[in-house]
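The next block holds one structure in the form of structure tokens; read it before the comments.
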Amino acid sequence: MAEPLPVLEMTGIVKEFPGVRALSGVDFRLFPGEIHALLGENGAGKSTLIKVLTGVYSLDGGTVTLNGTSVRFHSPSQAQQAGISTVYQEVNLCPNLSVAENIFIGREPTRFGRIQWKRLRREAAELVDRLGLDIDVEAPLSSYPLAVQQLVAIVRSVGTGDADGQGAGTKVLILDEPTSSLDRDEVLELFALMRRLKGEGVAILFVSHFLDQIYEVCDRMTVLRNGTLVGEHMVRDLDQVGLVQLMIGKALDQLEELHDHQLHADVGESLLKADGVGRTGGIAPFDLEIKKGEVIGLAGLLGSGRTELARLLFGADQPDTGKVTIGGKQVSMSAPNDAIAAGVAFCSENRKTEGLVPDLTVRENIILALQATRGWTRPIPVAQRDELVAKYIKALDIRPANPEARVGQLSGGNQQKVLLARWLITRPKLLILDEPTRGIDIGAKAEIQKLVVSLSEEGMAVLYIAAELEEVLRLSHTIGVLRDRKLVAQLANGPEITPTRILETIASGEHQ
Amino acid sequence: MTTTPRWRTLTRHHLFWPVAVLVVLLLVNVPFTPDFFSIKMTDGHLYGSLVSIVLFGSPLILVAVGMTLVIATGGIDLSVGAVVAITGALTCSYISDQADQDALSGVLLAMGIGLVAAVVCGLWNGFLVARMGIQPIIATLIIMVAGRGVAQLITDGQIITVNSEPYKLIGGGYWLTLPFSIFVVAAVVAVTVALTRRTALGLLVESVGGNAEASRLVGIRSRRIKIMVYVFCALCAGIAGLMISSNTSAADGNNAGLWIELDAILAVVIGGTSLLGGRFSIGGTVVGALVIQTLTTTIYTIGVPTQTNLVFKAAVVIIVCLMQSPKFRAKVFGGGRLGGRFGGKRGDRSTATPADTAATPETVRTMEVS
Ligand SMILES: Nc1ncnc2c1ncn2[C@@H]1O[C@H](COP(=O)(O)OP(=O)(O)OP(=O)(O)O)[C@@H](O)[C@H]1O
Ligand SMILES: [Mg+2]
């Protein structure tokens, strides 16, 4: 059977940044009605390939053919006009506008030059429904967690082709790590939508570090390594082990290691106690005790209040009830400073808006939290600073390993590592990690989980939030289960605790 | 062939464009004033166009240096012109009340009073911005408007003249063959650089301006930092106020430092600091202020008619801003090395924001200011 013609073909793509060759002669093709995975380690060049295609970056070499005609886009809106809808890796919406406005921004339905607000809201609500989401489209986007914002970005891209008379209708849909902070249910909704669009003949480019997801929805895959093409395969022709080998250039067995690792038993004395801590609109009052060397994992569905709970323990939001004691002393939690002084660190899930300062260098971003505790008058001595930074760049394998690089220029996964390094360097007593492995490739993910284990062995307490239940179960001594903004159960981890059991607990919370 | 990489590193330096513009502006003067670059020694004082540019540019440099830190935190200070007027008015009216205007102690006290007033203005601005959360442009507008009134009150609506030798030194005197104000400027610039780069202040300021929420979450006390920079900015404006009134031996509540806030903002932007906050460059600001002062001088030397000189100035400013925009260079120089390279570097400010490529924030904002 002859293959149909590709809707999109990129050949010999070259992209150089000052000092970095991000893509060297990459070929890529995309067929109508297929879901095509783009794979590779952090910094392999996936996002860059997408951005040169859609005109965010200019092309340094190579050709792009769309439907048989050669094209070159100079801006993302041109690509959009030509039928390429894109959800970029870093959610890129306006937090203070409503969900509906975000969905239609730049292509609002107008009549006689005026925006038809009613129609805009109605169509936004319809689109959101189509994805099976329960979102109030009139609420400001910032009132929703990152995962919902990510979904809104997807709705926005999918909706593009529908606005009548505008653009050519979506022919190509590009999703750069759309599932990085989604839970299982939303992932399933998204996959259903992707399959439907595929049935309509749309070609979908999908980037993810979750290999299971690749095997679940994708038909074909292209693997990049260090900016070069390593191969294009049908998903059914290559198993996971082979794929990983292609991605990182060697076999990976450390994942297995971690699977059988034993949780260490020497959990120490009490470190933090929360008594009736709660916040209206955030999370109902809860009691929680965290001990030295203990890893507490939080499990719950999207919007169940995991992030909200973590933020209260850090003073990122102020609790309206209850009190927090750390090491026997009550901490006021009126600002993050109080918690930081008491030895708490909080690594936010939202690295772009709540984490990194993109214009500063890797070094500056890494030392920021430590420097803040010292105040402006006592800079960290240069030698000590450089040593610390070099140590963590090495430990987390941040690439490029250049402390002078601007953080905004790093790949998503490497940015995440910088954020982790920032807090690890402060040697906290309690480390709160909200989705620490978001956007991190499988090799590095195993490394980070190992790191969490060894830190807890050294006596650091860790509060761990991750969308993947298996990840939480693998690491935690205790699992806090949340439902509808309530901490409904705290389970001691053991052989009888399985993802199914947790899901049951979440479900039964409903009847309480 | 071998020069290309070096040329590239050079053009990528953050001071390259401001300095290039300055050099071009200076050269423009040569056909009109052939001895533009010559410096003569008369009566033990150095004279020449270059010396005058630095001398007359001194107040602007001071104000712009203070403004740089405010802008780096993501703020703006419109009140500096009024602070210049208040400081000059207070100091001069105190000196003019003295029996012996040449008494050093009296002059020092007068300057102290003027600077304290400036600091109070800065505290007020900082309080409104950091504590009350008022938009900087609105918060500082209050003193911008009311401050001139206060200055008028102090001087009773008159121009107060003083006749004090020691006071004359700071803005009009000479020391070691050079205008004394050059030393003041050098000292303030050196102190600012040391204060920001030898301590962690610069980093924390850039962090607050670069991402306020992230800064809060790492525990930076951004309120304190904001108050500090507004006070520092007002203090710089106060020193500039002393200089201006000393130079003319008079305090004019109405005209002293008029519109200096706009020139200062422009100097900061030409120097490469984004009005969005974040990264700042004191060196760039100094060059930026010199560019503006040179432009003013050039307008006189090449004899632009008075009625068109604002238009001329605006035109040059627009060209300067366009030249600094990577997008514009990429368009004009087409696929050329220079333009292309730059388009790549500056255009990609943050990772995945298509909007960023539409227009560089710097350009858009500067156009508004000018
Ligand atoms: N604007 C930029 N300036 C300089 N270098 C850049 C820029 N954007 C990306 N790079 C570099 O290009 C390389 C590829 O980055 P890219 O973002 O494409 O990786 P990725 O495959 O998407 O990784 P991840 O899985 O972490 O998202 C990296 O080395 C990165 O540091
Ligand atoms: Mg990426």
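From the backbone N, Cα and C atoms, a Cβ is placed for every residue, glycine too.
Computed from a predicted structure; not experimentally measured.
Per TrEMBL, the features are as follows:
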COMPBIAS  B:351-361  compositional bias 'Low complexity'
REGION    B:344-370  region 'Disordered'
TRANSMEM  B:15-34  transmembrane segment
TRANSMEM  B:46-71  transmembrane segment
TRANSMEM  B:78-96  transmembrane segment
TRANSMEM  B:108-130  transmembrane segment
TRANSMEM  B:137-154  transmembrane segment
TRANSMEM  B:174-195  transmembrane segment
TRANSMEM  B:227-244  transmembrane segment
TRANSMEM  B:256-277  transmembrane segment
TRANSMEM  B:284-304  transmembrane segment
Could you tell me whether the transmembrane segment (B:78-96) and the transmembrane segment (B:284-304) are in contact, taking contact to mean 3+ Cβ pairs under 8 Å with a sequence separation of 6 or more?
no
Can you tell me which parts of the same chain pack against the transmembrane segment (B:174-195), counting only residues 6+ beyond its ends and a CB-CB cutoff under 8 A?
41, 44-46, 51, 54-55, 58-59, 61-62, 65, 69, 201, 232, 236, 239, 243, 247, 282-283, 286
As a test: from B:46-71, B:78-96, B:137-154, B:227-244, B:256-277, pick the stretch that has the greatest number of Cβ pairs under 8 Å with the transmembrane segment (B:15-34).
B:256-277
Looking only at the recorded stretches B:46-71, B:108-130, B:227-244, which one has the largest tally of CB-CB distances under 8 Å to the transmembrane segment (B:137-154)?
B:108-130
Give the nonlocal contacts of the transmembrane segment (B:256-277) in its own chain as ranges (CB under 8 Å, at least six residues past its ends).
14-15, 17-18, 21, 59-61, 63-64, 66-68, 71-85, 88-89, 144, 151, 208-210, 237, 240-241, 244-245, 283-289, 291-292, 317, 320-321, 324, 361-362, 365-366, 369-370
Under 8 Å for C-beta pairs, could you tell me which stretch among B:46-71, B:78-96, B:227-244 has the largest tally with the transmembrane segment (B:108-130)?
B:227-244
